[in-house]
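J.: So TrEMBL lists the following for this protein:
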ACT_SITE  Cys327  active site, proton donor
DOMAIN    28-260  domain 'Orn/DAP/Arg decarboxylase 2 N-terminal'
DOMAIN    263-354  domain 'Orn/DAP/Arg decarboxylase 2 C-terminal'
MOD_RES   Lys41  N6-(pyridoxal phosphate)lysine
Amino acid sequence: MKPLQTPFFRIKEQSLQYDISLLKQSLADNWGNYIAAYSVKTNSLPWLLNYLKEQEFYAEVVSKMEYDLAVRLGFPRKHIIYNGPIKDKKTFETVLLAGGYVNLDSNYELDWMEELSRLYPNRHFKVGLRVNCDLSLLCHEEIPASQEGGRFGYCYENGVLKAALERLSALPNVWAAGLHMHTSTQSRSIQVFGALAKMAVTIAKEYALCLDYVDMGGGYFGGRDDKPDYRDYFKEICKELSAYFNPQKTILIAEPGVSLISRATTFETSVIDVKDIRNRKFVVTDGSRTNLNPLVTRHVYPHHIHYISDTSVRKTESSQWICGATCMEYDKLFEIIDDIALVPGDQIIYDTAGGYTICLNPLFINYLPAVYVEHEDGTLFTARKAWDNEEYLQKNYVEKSKRRNS
Ligand SMILES: Cc1ncc(COP(=O)(O)O)c(C=O)c1O
């Protein structure tokens, strides 16, 4: 078979299936009554969304665009979880009327609920509220994901959450039925999830809430043997939740993103050139930092190398800098120290490359790379062809150079 033109992403179905099964099994074993949802923004590749839909996943969306995409791909409207601080009013109403899940996050959404309650006096609405609580009070060693602390949801400590609940409870046909606990953390530790579950219990008790669901959000590790996995997280979460909630009555929702698709996905690149500049070796590759780390936040790129030829006859290099395909100086990925000299044709394969990459690539210099799915029998399916100017020119207009009648 002709080798595939690099760079491209590869999704191994078997590994994806492994993590899907691990998630479902962990939820089933520890709680039983659960909804597995997938965070669409993490990787909204249509093939992937369809694959997860077929496995009964709900789509967790945070924009009208994501909602439309999920619906176009066949997710039932009631299998939508609509989150985020910027909601579209029509989508908000549609999801609620269809019996989907909406987790309120902003002040204007409370106004919308009052309006909906008046407009549809004969309908019953159930909504969730995103909780904002001070994680550093619950887990002293936790470093917040942002210096200022989380900015999403209604604040528990200053009474804003309580006030939101009071506004909803004044509406005869609206039920504050869920708590959404998603909180991004640096540590992704089991303790954090235990503390968040405990917080859900505290809030439910304090405000005498009868909950249809607790949504623990995403933020788990996945695909790494040196880190906790779903079994550890849900054991801890469910231990805390069971202090107050009953699985017969309250659904446990999980909405992972990166942990579900990391193990399965690689980004595969080739060495194009090796340059000697003064005392340095720069290895030029056809992939880029913009493909893997568009937010320029990462410093570590787990990878492995396929050497094109016999390495026993190659010399060792004290330092080789792996560089990307753009003409930006910052497009350098990592340094290889005291190791086999790379030559054109060698392949650098980045592991755990599925989250916040495939769909977050900028259209900078090169467009979106191809994505191939490797089925369990080894055959390949093209889930996305590499973009070229056909895609780039869509919906663009250039002025005609001469007017016919002038
Ligand atoms: C509300 C919500 N749910 C789920 C996720 C998925 O998180 P992760 O990809 O870390 O699992 C995010 C990510 O920020 C989120 O904001």
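Cβ atoms here come from the backbone N, Cα and C positions, even for glycine.
Curation plays no part in TrEMBL annotations; they are all automatic predictions.
Given the structure is predicted, the values throughout are model-derived calculations rather than measurements.
In the displayed structure, how are the listed features positioned relative to their neighbours?
T.: Cys327 (active site, proton donor) is surrounded by 7 other CB atoms, counting those within 10 A of its CB over all protein chains shown.
Taken together, the residues in the domain 'Orn/DAP/Arg decarboxylase 2 N-terminal' (28-260) have a mean pLDDT of 96 on the 0 to 100 scale.
Residues of the domain 'Orn/DAP/Arg decarboxylase 2 C-terminal' (263-354) grouped by DSSP class, helix first, strand second and coil last, total 7 helix, 44 strand, 41 coil.
According to DSSP, Lys41 (N6-(pyridoxal phosphate)lysine) is assigned to a helical segment.
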J.: Across all chains shown, how many C-beta atoms besides its own are within 10 angstroms of the C-beta of Lys41 (N6-(pyridoxal phosphate)lysine)?
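T.: For Lys41 (N6-(pyridoxal phosphate)lysine), the count of other Cβ atoms within 10 Å is 19.
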J.: To the nearest Å, how far is the Cα of Lys41 (N6-(pyridoxal phosphate)lysine) from the Cα of Cys327 (active site, proton donor)?
T.: 28
